[in-house]
Amino acid sequence: MQREKLLHGGDYNPEQWLDRPDILAQDVVMMKQAHVNVVTLGVFSWSLLEPREGEYHLDWLADIIHNLYSNGIFTILATPSAARPAWMAQKYPEVRRVRSDRTRELFRRRQNYCYTSPLYREKVRAIDEQLARRFGEDPAVILWHISNEMGGDCHCPLCQAEFRRWLQRRYGSLGALNKAWNARFWSHDYTDWEQIESPAPQGEDAVQGLLLDWKRFVSSRHIDFFKFERDCVRALAPKARFTANLMYRFHDIDYHDLARELDVVSWDNYPTWHKATETVEQTALDTAMMHDLFYSLKGKPFLMMESSPSFTNWQPVTKQKKPGMAMLSALQAVAHGSDSVCYFQWRASRGAEEKFHGSVVGHDGRSDTRIFRETSQVGAALEELACAAGRQRPRQAALVHDWPNLWAMEGSSGPRNCGMGYWKELACHYNALARAGITVDLIGQDADLTGYGLVVVPMLYLLREDFAAKLCDFARAGGTVVVSQWTGVVDESDLCRLGDTPYGLTELLGLRRAEIDGLYDGETRRCQPVENAPLPLPATQASVLCEVAVLDEASPATPLLLYGEDYFADAPAAAVHPYGQGRAYYLASRFTPDFYQAFYNALTEEAGLEAAAPVPLPDGVLATRREGLLFVQNCNPAPVQALGVELPAYGTAVWQTNAGELRRML
Amino acid sequence: MQREKLLHGGDYNPEQWLDRPDILAQDVVMMKQAHVNVVTLGVFSWSLLEPREGEYHLDWLADIIHNLYSNGIFTILATPSAARPAWMAQKYPEVRRVRSDRTRELFRRRQNYCYTSPLYREKVRAIDEQLARRFGEDPAVILWHISNEMGGDCHCPLCQAEFRRWLQRRYGSLGALNKAWNARFWSHDYTDWEQIESPAPQGEDAVQGLLLDWKRFVSSRHIDFFKFERDCVRALAPKARFTANLMYRFHDIDYHDLARELDVVSWDNYPTWHKATETVEQTALDTAMMHDLFYSLKGKPFLMMESSPSFTNWQPVTKQKKPGMAMLSALQAVAHGSDSVCYFQWRASRGAEEKFHGSVVGHDGRSDTRIFRETSQVGAALEELACAAGRQRPRQAALVHDWPNLWAMEGSSGPRNCGMGYWKELACHYNALARAGITVDLIGQDADLTGYGLVVVPMLYLLREDFAAKLCDFARAGGTVVVSQWTGVVDESDLCRLGDTPYGLTELLGLRRAEIDGLYDGETRRCQPVENAPLPLPATQASVLCEVAVLDEASPATPLLLYGEDYFADAPAAAVHPYGQGRAYYLASRFTPDFYQAFYNALTEEAGLEAAAPVPLPDGVLATRREGLLFVQNCNPAPVQALGVELPAYGTAVWQTNAGELRRML
Amino acid sequence: MQREKLLHGGDYNPEQWLDRPDILAQDVVMMKQAHVNVVTLGVFSWSLLEPREGEYHLDWLADIIHNLYSNGIFTILATPSAARPAWMAQKYPEVRRVRSDRTRELFRRRQNYCYTSPLYREKVRAIDEQLARRFGEDPAVILWHISNEMGGDCHCPLCQAEFRRWLQRRYGSLGALNKAWNARFWSHDYTDWEQIESPAPQGEDAVQGLLLDWKRFVSSRHIDFFKFERDCVRALAPKARFTANLMYRFHDIDYHDLARELDVVSWDNYPTWHKATETVEQTALDTAMMHDLFYSLKGKPFLMMESSPSFTNWQPVTKQKKPGMAMLSALQAVAHGSDSVCYFQWRASRGAEEKFHGSVVGHDGRSDTRIFRETSQVGAALEELACAAGRQRPRQAALVHDWPNLWAMEGSSGPRNCGMGYWKELACHYNALARAGITVDLIGQDADLTGYGLVVVPMLYLLREDFAAKLCDFARAGGTVVVSQWTGVVDESDLCRLGDTPYGLTELLGLRRAEIDGLYDGETRRCQPVENAPLPLPATQASVLCEVAVLDEASPATPLLLYGEDYFADAPAAAVHPYGQGRAYYLASRFTPDFYQAFYNALTEEAGLEAAAPVPLPDGVLATRREGLLFVQNCNPAPVQALGVELPAYGTAVWQTNAGELRRML
């Protein structure tokens with residue numbers, strides 16, 4: 001892949017327009033107008049590539065690729081496995097997924113295949129090999145894109161058998177499995193592997209170890225399928241590089257595991273800008289956290305593979321990006337580590353599910369539209385910022401986010417079935433750090449903590465023993481750790497830790513959890529700062545869950561904030577405990593945004609983490625760094641002054657930074 | 001059917017009381033007290049008419065019919081096909097419907113038959129022929145009522161095969177079908193007709209052309225079944241006349257198509273009077289729009305086949321019609337073109353689903369109840385108004401309402417999945433016109449526009465090319481056309497029009513749609529009238545969807561109203577464009593009720609449409625015309641003065657009109 | 001069972017800890033610390049008792065039982081039928097339930113067996129006999145606990161056949177069944193028993209007699225299964241005594257029928273204390289009504305078999321019992337007639353569905369927790385109150401609550417499908433009586449009314465003819481009867497009564513129901529007291545449903561309250577009618593709490609019913625009696641003065657009462 005420039009382009013579906021050569025010709029002209037230098041082809045082309053079993057038609061695709069290439073436009077080539085043709089669904093029922101209620105799907109939509117089916121793998125191998133033979137060495141093809149937005153699960157007999165084999169490998173014996181799942185509860189001891197089935201509405205849904213392992217298994221199946229496809233292509237195209245397009249707050253796959261198999265991470269970014277219930281800055285922070293997650297997966301630049309130039313068709317209300325927002329969201333991706341701004345889609349489909357999804361070119365085919373004009377401006381800006389490509393980001397703070405933790409928490413019943421607010425908890429910490437201009441990585445429990453100054457551990461319910469030890473080592477060596485409520489509760493089998501909790505961290509924190517009390521939505525409990533505390537904090541309100549901690553007798557933490565009411569009044573709501581060269585903070589509940597801002601402003605100063613911008617920025621203005629570059633973005637719907645320049649509504653300025661000096665680039 | 005009087009009566013179920021001759025005898029006495037002159041018999045009598053396969057018992061029915069006839073009461077005779085006996089469901093599974101999830105129903109409820117099953121048709125033919133032979137020439141039977149409230153759909157293998165045959169007839173080739181459905185999207189090209197199945201939760205639900213064609217197919221099946229039954233009877237009773245009872249805002253059948261097969265339209269009218277969230281006038285307007293639709297289907301008087309004398313049992317809250325409401329709703333039907341006031345039901349059932357549905361005679365069997373008394377008063381009033389029977393209504397304004405448009409819009413994803421508010425849009429226009437005393441027809445795209453002064457085109461998303469041309473011709477010849485947002489988007493296959501839109505109307509309107517932006521529920525955008533505009537309009541608020549239009553360069557429309565905020569500030573929110581001898585209005589969004597009132601008051605004056613009442617009426621008082629008759633109804637819960645008379649709460653006055661002179665009849 | 005003391009203890013699951021003898025040893029030590037004198041064993045032990053078909057392991061259980069016994073702790077021994085092992089579900093599909101949609105369940109959760117399956121009964125008999133042989137004479141085992149929280153239903157072919165046999169016994173002929181179900185409605189006459197199937201989403205759900213009979217049948221199946229198990233044990237342990245643990249507002253079983261088979265009633269009590277939407281007093285009253293129901297089932301002391309010492313894991317929000325609440329709720333049970341305070345559970349499970357359910361000992365295994373301390377305090381208090389064991393309660397007022405009535409009402413459509421508020425109606429009457437210090441029994445229509453001064457009949461929609469007669473007799477003999485709206489509507493087949501209603505009570509009440517009008521949620525109608533009425537009542541608001549009654553001409557009731565608005569203004573909203581030596585009150589709607597308080601304060605005085613406390617108590621303080629004992633409980637979160645003592649927040653005081661003298665015990 002090219003490193004000398006930022007990519008601009010997106011999904012292109014010429015197979016829908018092959019009977020309209022005039023439109024295909026116009027596409028090339030307009031792409032050049034819009035500064036497009038890359039397209040993604042082939043995502044949903046299987047029915048045309050292999051219209052009848054074993055009959056392959058690749059010439060049309062070669063023509064498109066080469067015509068674009070001769071016009072300076074590269075191709076990211078997708079394998080078509082996300083949507084197989086109707087003839088295959090008809091002839092081979094086993095390729096169709098079975099739902100958790102054990103209904104086999106009919107031919108439908110996409111992401112609809114059994115990833116275990118040997119027959120399906122054989123068919124995918126055949127088409128992928130066709131593509132690899134034809135385009136594996138083609139200079140026009142700069143990246144291979146395996147399948148599309150992988151997810152979902154299959155409960156067919158083949159998957160049931162595979163699940164049992166997976167469990168046998170994991171546990172060795174039924175005894176170990178029964179122990180790990182605490183299967184004796186409600187008399188569920190399994191005495192034959194065949195007794196185990198995937199979760200089902202009419203079957204098991206209360207053995208939480210089973211729920212968790214099923215999610216692990218499904219994730220591993222997707223990754224296995226990815227590897228299978230990648231290796232089919234790689235065998236014939238050894239120099240090919242591979243990605244898969246990931247998704248927002250995605251649930252079904254442990255992306256930490258998947259990322260190890262990718263050459264480059266990419267993702268599809270569809271925020272709901274201009275929501276009625278939040279500011280553009282809030283939406284921007286939510287999006288930023290995702291960009292940061294995708295950067296962190298491999299610790300290097302990623303691609304924004306899809307985004308809308310304008311609007312989507314699947315949100316409750318179609319909102320146009322207002323003037324300037326296309327630029328703001330494009331440059332936000334680059335600021336956070338993307339080497340591309342790509343769209344779904346170049347040209348709108350005439351019919352079917354996504355005919356009203358935003359596109360660079362609409363049904364009217366015009367180039368004098370606002371959207372086309374703003375897209376072209378984005379393209380021009382990316383050319384000016386070409387030097388950003390490939391640049392790294394500094395290591396400052398890490399926020400722990402882990403799939404098994406997420407899965408285990410959602411599989412549990414209690415302490416708050418109306419919502420634990422896991423992602424909201426993450427955002428409390430992330431937003432305050434991002435607003436303070438700190439670069440945040442989102443890491444899993446396998447991560448190396450070297451280089452970070454601060455590690456934040458929000459709701460790490462399933463805390464691994466090795467990671468608890470790593471956190472202690474990190475603090476001992478001078479790092480700062482922040483631990484929130486509902487951390488260190490269960491082991492990797494979702495079995496409650498016996499003994500004091502947060503398990504593995506009580507010595508680090510100088511306290512233990514005694515109780516946890518749930519609050520109803522809207523309920524709060526007053527909290528007051530301790531006078532003369534080592535860290536001055538504002539009064540605030542606790543919500544959602546209130547942990548009641550008991551200080552360690554031998555080496556107690558120092559309370560910073562106390563609950564001010566209810567039966568747990570005067571228990572610590574926040575505390576700090578020195579540990580080796582570093583220290584650990586404990587937060588017993590969820591507080592108000594201003595609390596987190598004050599808390600992290602103080603902490604990052606204490607930890608010596610440098611803010612992105614040299615001076616404070618106005619409200620709603622966010623600063624982000626890549627090696628040698630500073631991006632400042634105005635999320636307000638009105639102009640502001642920042643770093644001596646006027647930023648228009650939704651405007652962005654970029655500076656080159658060199659030994660503290662700023663030189664404006666954009 | 002008799003034309004010399006209005007019909008008064010309703011559904012009568014003597015089969016539930018055959019062991020109570022005392023009650024059957026009392027029924028006749030009380031019917032006469034209540035001025036009943038017609039009953040509907042046989043709707044759900046199959047289990048008694050054919051208690052065992054091939055064993056027919058019609059004598060009891062003949063006895064009832066003739067006893068009523070000898071007491072001056074006619075019969076509308078229903079075929080029993082809406083509810084087949086248990087023995088048939090048990091013996092012949094194919095007569096039971098299969099649901100979209102491919103589950104075959106057990107014996108259940110009613111409207112539960114497969115309309116495709118040859119076996120079911122054979123059984124229906126047999127019983128219908130029995131009835132036709134026995135009652136086909138009977139003077140007591142004045143109308144045949146085929147089945148009951150037809151609707152729903154069946155997904156059985158017989159229907160799947162029939163659907164494929166229907167598609168083959170429609171498209172000729174799979175190539176044409178794939179094109180019409182844009183099936184290449186997500187690689188869905190069909191290569192064998194057998195690959196096509198009806199929409200299913202576990203199957204296809206994203207190929208929108210398939211969704212639309214399935215609805216067309218289901219509608220055509222119902223109509224085919226109606227014709228089958230009608231023709232069975234007609235073959236043996238050549239002079240028989242036929243109806244089917246239609247329903248409020250009904251979805252499953254294109255009533256424009258069905259109406260062509262009916263001799264007389266009838267419908268079942270169950271408004272929720274006295275709702276907590278709307279006034280009686282609002283409910284009355286909503287009901288009036290339906291009456292007008294059913295009148296318009298054939299452009300001639302219809303029957304109100306069912307209504308409740310008091311309350312229903314299936315709404316969230318059972319509300320009694322307050323004193324006077326029975327009269328108001330009965331005479332409203334007549335005012336809008338009904339030649340009958342009929343009830344479900346004469347006498348309440350003792351048990352099962354509808355035992356708490358309102359009836360003229362309740363479980364107490366009393367005639368000294370409020371409901372019996374008010375029903376009798378309605379009967380007496382209908383006798384006084386006998387001359388209304390058969391009278392036509394004037395042609396003034398037409399409002400376009402079309403089933404394929406409705407189906408296509410609901411099958412689409414975007415621009416507002418939380419609700420397009422199609423029926424609310426219709427009501428915005430209808431209510432303002434009805435309050436202005438204009439007679440409104442609800443027409444489809446096959447309609448002849450001759451004779452109308454005004455045609456309103458609200459959200460005609462699926463606008464046929466021929467109808468667009470008809471609208472242009474209509475304006476060219478001097479008519480006034482009003483076009484709302486989200487009109488002219490797709491063709492009959494739900495494929496987006498390529499080129500400028502509203503497709504086929506840009507020349508008429510002098511503008512094109514550039515963008516459409518969705519608003520959240522409760523969100524509004526300020527709109528201001530253009531100074532010195534040719535039509536003075538009030539300031540208002542736009543909501544739901546805001547189209548952004550670009551004026552035609554050669555012949556631009558004249559803006560009347562401008563958006564006052566957001567990025568589309570100053571774009572036209574309403575505009576007018578002269579066209580030939582007429583003109584076209586464009587409304588870019590949904591506005592407040594007072595806006596529509598001002599707009600249509602001005603428009604109808606401009607178009608020279610005469611109001612029903614010679615002078616303005618108080619708020620909440622509605623005026624309606626039939627040839628030579630003027631009905632004025634007070635929807636307020638308090639008395640008002642109107643046209644020189646005092647109308648009590650919910651009161652109605654009727655005048656004969658002759659060359660501008662009014663003579664009070666009631 | 002011991003009568004000389006109150007039981008304290010709860011569910012104990014040592015089978016989950018057999019590999020941790022240290023924990024089992026610690027359990028005994030801690031139980032003694034906590035004043036535990038009883039545990040429930042074996043509830044979910046089947047997979048350990050019979051790990052492979054026919055291979056029984058009871059030694060571990062014997063060891064536990066005897067070790068506890070030697071430490072002074074008795075055992076309540078449960079049969080394990082509520083959760084059968086995986087091997088059985090795998091080998092014998094017939095033991096698994098079939099859902100109403102006709103899907104057979106996979107192995108899942110608990111309460112998952114077909115109660116009809118002969119195979120399942122054979123397996124249950126075998127394990128129960130093992131237990132009975134081993135422990136049937138064991139002095140450590142003081143009570144047998146059959147299965148666990150029986151409920152749900154099964155629609156398998158075996159159950160369908162059994163249902164048809166049950167119907168044949170009930171009706172004798174299809175003719176009688178068709179008549180009882182009014183099956184001719186919608187032509188549903190059954191002509192073969194095989195045509196009848198249980199209700200199903202894809203089958204019948206509108207024949208309301210079928211719905212009602214299915215509920216009766218399911219209830220009878222559960223009771224039959226209970227009797228089967230009980231008799232299996234009793235055959236080998238003739239002196240054994242039996243219970244089953246019942247549940248809050250339980251729907252599936254007619255507990256009046258079940259109670260006849262029990263030696264002692266027990267129930268599982270899980271209020272949501274500290275709800276955001278109600279006061280602790282309101283929750284306490286709701287709980288008190290249940291305690292009173294369970295006392296009334298046999299008219300003698302019951303056991304509280306389960307409760308949480310702290311919190312549950314299945315409510316929307318986990319709320320800790322605040323300090324003192326454990327004591328308040330424990331002593332409330334005793335005050336209302338419980339001879340035990342038992343918990344689910346002694347020690348928290350490590351994994352699976354209920355790992356976060358509250359327990360006396362948590363995952364940390366500590367005894368220095370607040371919960372352990374408060375539990376121990378409860379244990380100590382129960383020892384002080386040992387003399388309460390076995391004491392009766394006075395007979396004062398009866399409130400009619402009947403399962404067939406509940407089932408029939410919920411199976412009906414209308415007059416208020418958005419909620420009849422049946423339990424709210426009961427609470428209106430109950431709360432006012434309980435606050436007035438009156439002891440209330442909750443009785444069915446089989447009850448003997450002897451000894452009561454007042455019988456309240458709220459929403460007795462399905463009123464049996466014999467019970468109507470009993471009410472008349474009761475009033476005639478000097479009793480006071482209160483009848484609410486929507487009483488006496490249908491017979492036992494859910495067929496509407498023909499003739500005047502409330503059926504059987506019109507003479508008693510001196511009026512008949514003419515109409516019933518529904519109000520929307522939040523809608524109210526003003527009501528005013530009649531001047532100089534025999535019973536002074538406050539002005540109030542009617543809601544939910546407003547009956548319009550017509551006074552009897554011969555012997556009219558005397559109105560006490562009149563509707564003040566709407567078309568039924570001036571109709572009686574409340575009335576009284578003397579009858580024999582007694583009188584009957586009629587309430588036409590649902591009123592405000594202060595109305596019920598005034599109404600029942602006046603009524604109980606008139607009826608000479610003595611309040612529990614000799615003087616009025618502060619708000620939020622409730623007084624309850626058992627023979628010779630007075631319990632006064634402060635439901636307020638702050639201290640109050642009552643009967644001359646200070647009660648802390650959530651505090652309880654107990655007095656011995658002797659001829660009007662009070663001696664404080666606690």
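Glycine is treated like the rest: Cβ placed from N, Cα and C.
The active site, proton donor annotation in TrEMBL covers A:Glu149. The annotation active site, nucleophile is assigned in TrEMBL to A:Glu306. Summarising the annotation, TrEMBL assigns substrate binding site to A:Arg110, A:Asn148, A:Trp314. Annotation comment: TrEMBL describes A:Cys114, A:Cys154, A:Cys156, A:Cys159 as Zn(2+) binding site. According to TrEMBL, the domain 'Glycoside hydrolase family 42 N-terminal' annotation covers A:11-385. What TrEMBL lists as domain 'Beta-galactosidase trimerisation' is A:396-610.
Locations of recorded TrEMBL features on the structure.
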| residue | record | contacts (Cβ under 8 Å, 6+ apart) |
| --- | --- | --- |
| A:Arg110 | substrate binding site | A:Phe44, A:Ala82, A:Ala83, A:Asn148 |
| A:Cys114 | Zn(2+) binding site | A:Glu94, A:Val95, A:Arg96, A:Arg97, A:Val98, A:Tyr120, A:Cys154, A:Cys156, A:Leu158, A:Cys159 |
| A:Glu149 | active site, proton donor | A:Ala82, A:Gln111, A:Asn245, A:Met247, A:Asp268 |
| A:Glu306 | active site, nucleophile | A:Gly10, A:Asp11, A:Asn245, A:Trp267, A:Asp268, A:Asn269, A:Tyr270, A:Cys342, A:Tyr343, A:Phe344 |
| A:Trp314 | substrate binding site | A:Glu354, A:His357 |
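The average pLDDT for the domain 'Glycoside hydrolase family 42 N-terminal' (A:11-385) in the predicted structure is 98. A:Glu306 (active site, nucleophile) carries a strand DSSP state (E or B).
Listed recorded positions A:Arg110, A:Glu149, A:Glu306, A:Trp314 compared with chain B at a CB cut-off under 8 A give A:Arg110, A:Trp314 as the close ones. Among the residues the record lists as binding substrate, namely A:Arg110, A:Asn148, A:Trp314, the two farthest apart have Cα atoms separated by 17 Å.
Apart from the site residues A:Cys114, A:Cys154, A:Cys156, A:Cys159, the chain places the Cβ of A:Arg97, A:Val98, A:Tyr115, A:Thr116, A:Ser117, A:Asp153, A:His155, A:Pro157, A:Leu158 no farther than 8 Å from the centroid of the site's Cβ atoms, the recorded Zn(2+) location.
When secondary structure is read from DSSP and collapsed to three states, A:Trp314 (substrate binding site) falls in the coil class.
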